[in-house]
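Chemist: Pulled the feature table from TrEMBL, pasting it below:
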TRANSMEM  A:7-29  transmembrane segment
TRANSMEM  A:35-54  transmembrane segment
TRANSMEM  A:61-79  transmembrane segment
TRANSMEM  A:85-104  transmembrane segment
TRANSMEM  A:111-130  transmembrane segment
TRANSMEM  A:162-178  transmembrane segment
TRANSMEM  A:212-237  transmembrane segment
TRANSMEM  A:249-273  transmembrane segment
TRANSMEM  A:285-308  transmembrane segment
Amino acid sequence: MNKKTSIFGGVTIIALALMVLMPILLPSVTLATEILIFALAALACNLLLGYTGLLSFGQGIFFGGGAYSASLVMLHLNFGLISALITAILVGALLALIVGALAIRRTGIYFVMLTLSFSQMAYFLAYTFSDWTGGDNGLLDVPRPALTLFGMTISDLQSSEAFYIFVAAVFAIVFVFSRRVIHSPFGTTLVAIRENEGRSSAVGFSTNHFKLVAFVISGAITGLAGALYAMLLNFAPLSNVELLMSENILIMTIIGGTSSLIGSILGAGSIVLMGDLLSSIWPRWMMILGAVLIAVVLFLPGGLWGGILSLTSKFPWKKVKTNVTSEVTK
Amino acid sequence: MNSSYLLETSSLGLDYGAFSAVGNVDLKIRKGSIHTVIGPNGAGKTSLFHCLTGERKPTRGSIHFNGENLTSLAAHKRVSKGMSRSFQITSLFQNLSVRENLRIAAQGRDGLNALKFWVPETANKANVAKADEVLERIKLEKYADRQAGELSHGQQRVLEVGMALCGSPSLLLLDEPTSGMGVDDIPIMTGLISELGKDHTVMLIEHNMRLVMSISDRITVMHQGNILIEGSPEEVKGDEQVKKAYLGESGHE
């Protein structure tokens with residue numbers, strides 16, 4: 001019952017440690033930034049898939065929507081960094097509200113098909129409205145505005161190190177926020193819906209309202225990730241809204257493990273790293289990704305994080321274990 | 001409307017196509033009583049139960065609860081009106097602890113207030129207290145931190161009733177509470193239900209005749225979708241029609 005402190009303890013400390021270690025251990029800071037951005041998207045996907053039990057192929061819509069909207073308000077309306085990110089959060093939330101409100105009217109396979117259809121529609125919309133989105137070429141020359149708070153310029157964020165620190169700070173805030181969401185009346189109800197929707201309804205929950213709010217929160221975080229990605233690349237490619245993006249986010253979530261938010265960092269990390277390392281060696285590296293996904297699903301049903309947990313539980317390494325198992329059973 | 005009744009149905013019926021699962025049922029459940037509905041298989045008990053919980057929309061007739069017409073109210077909204085149910089097929093949150101099962105069930109009373117995602121789940125002390133209270137009442141304190149799925153079948157059946165209890169209901173609807181329980185466990189359930197009957201109105205469907213006869217204040221016997229008779233356990237026990245209805249089938253129990 002000491003959950004009050006746990007949103008800053010336990011896995012949050014592991015997440016912070018990873019954020020500090022990544023730029024040191026990885027070949028480039030930009031790579032670490034990309035990992036954290038996709039970890040945000042995977043974490044948002046995890047809220048739906050891991051905690052609510054909703055397999056959504058619509059994550060690319062929110063990611064692309066966030067990237068486009070932040071880019072457009074910066075290019076045309078001269079929005080600053082924070083206001084552009086807030087725009088992306090709101091647009092991601094709004095898109096998720098629309099997709100969610102319609103998709104959760106059905107369950108199971110029909111729900112999945114609806115998110116899939118929305119995903120395809122969003123892609124063709126982005127492709128058609130090329131005046132706004134740049135179509136196939138993507139939206140070019142996306143700026144990365146300076147970070148100013150209360151009129152004070154803190155950093156111009158032009159160096160990749162500075163941008164990494166900014167993204168890491170955003171990630172830390174979202175991570176703690178998500179831990180709060182999970183350990184709240186709302187979050188525990190989501191888990192109840194995942195476990196047994198019929199019973200959840202019988203004890204008095206209007207389950208569709210809960211699913212919809214989960215969608216909106218997930219869309220908001222994914223939109224934020226999309227905006228950061230556009231700022232990282234100085235570019236908002238059409239591939240952001242492709243079905244492949246939704247798939248990638250799902251694969252990261254599943255490979256990392258759906259029982260904990262840490263899994264989302266591991267999942268994003270391993271896929272981004274594999275892409276970076278293997279694509280230079282072998283252009284067909286996606287085949288290896290497929291094999292890894294099959295292996296994880298067959299042999300590590302808890303994902304990478306689940307695998308690490310079962311390893312550490314074999315060692316007398318109590319402190320980590322107790323912190324961590326409480327997260328998993330939640 | 002007689003106020004000594006908590007629940008009253010009038011000409012309640014449920015059709016599946018041309019087949020009438022529930023014909024024309026006037027069921028009255030007196031406040032503070034333990035009221036059992038029995039009947040051979042296919043008598044329409046479960047269909048009637050589904051209408052009362054809101055899982056099925058009745059084809060005709062009405063349901064009044066506490067003087068309020070709830071006939072077409074959605075199932076999840078009946079909890080806040082004071083109705084709470086258990087399931088014939090155990091329906092728990094298998095991977096959550098026993099205490100968390102109960103706390104979430106208590107949280108169900110909050111309705112949309114449970115959408116709060118910015119406070120800890122333990123912020124609503126009333127739900128935590130309710131879970132602890134029910135835990136004690138169903139005597140599963142020892143297993144509070146165990147996963148629900150790890151409990152024995154008998155304990156799961158008890159937890160099933162406990163979760164319904166967390167809704168702080170004025171009417172407790174129990175769908176075959178002893179379903180699948182071993183003979184050794186049944187006395188525990190019998191004791192629990194008669195104990196709950198002291199401060200709840202209980203309506204249950206049950207097949208175990210010994211339990212039914214020992215704890216019920218009123219018994220309604222259903223046959224082919226309609227009420228055959230209703231009376232005290234003694235009246236029902238001696239009734240010729242009831243014997244015929246049961247023996248006419250395969251001598252169930």
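Keep in mind that glycine also has a Cβ here, set from the backbone N, Cα and C atoms.
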Chemist: Take the transmembrane segment (A:35-54) and find every residue of the same chain, 6 or more past its ends, with a Cβ under 8 Å from one of its Cβ atoms.
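Modeler: Answer is 19, 22, 26, 62-63, 104, 111, 164, 167-168, 170-171, 174-175, 178, 181-182, 187, 190-191, 193-194, 210-211, 214-215, 217-222, 224-226, 228-229, 232, 248-250, 252-254, 256-261, 263-265, 267-269, 271-273.
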Chemist: Do the transmembrane segment (A:7-29) and the transmembrane segment (A:212-237) come together with 3 or more C-beta pairs under 8 Å, pairs six or more apart in sequence?
Modeler: no
Chemist: Does the transmembrane segment (A:212-237) come near the transmembrane segment (A:111-130), with 3+ Cβ pairs under 8 Å (pairs 6 or more apart)?
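Modeler: They are not in contact.
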Chemist: Which range wins on Cβ pairs under 8 Å with the transmembrane segment (A:111-130): A:61-79, A:162-178, A:285-308?
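Modeler: The stretch with the most close Cβ contacts to the transmembrane segment (A:111-130) is A:61-79.
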Chemist: For the transmembrane segment (A:285-308), find every same-chain residue at least 6 residues outside the stretch whose CB is under 8 Å from a CB in it, and list them.
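Modeler: That would be 251, 254-260, 262-263, 266-267, 270-271, 274-275, 278-279, 328.
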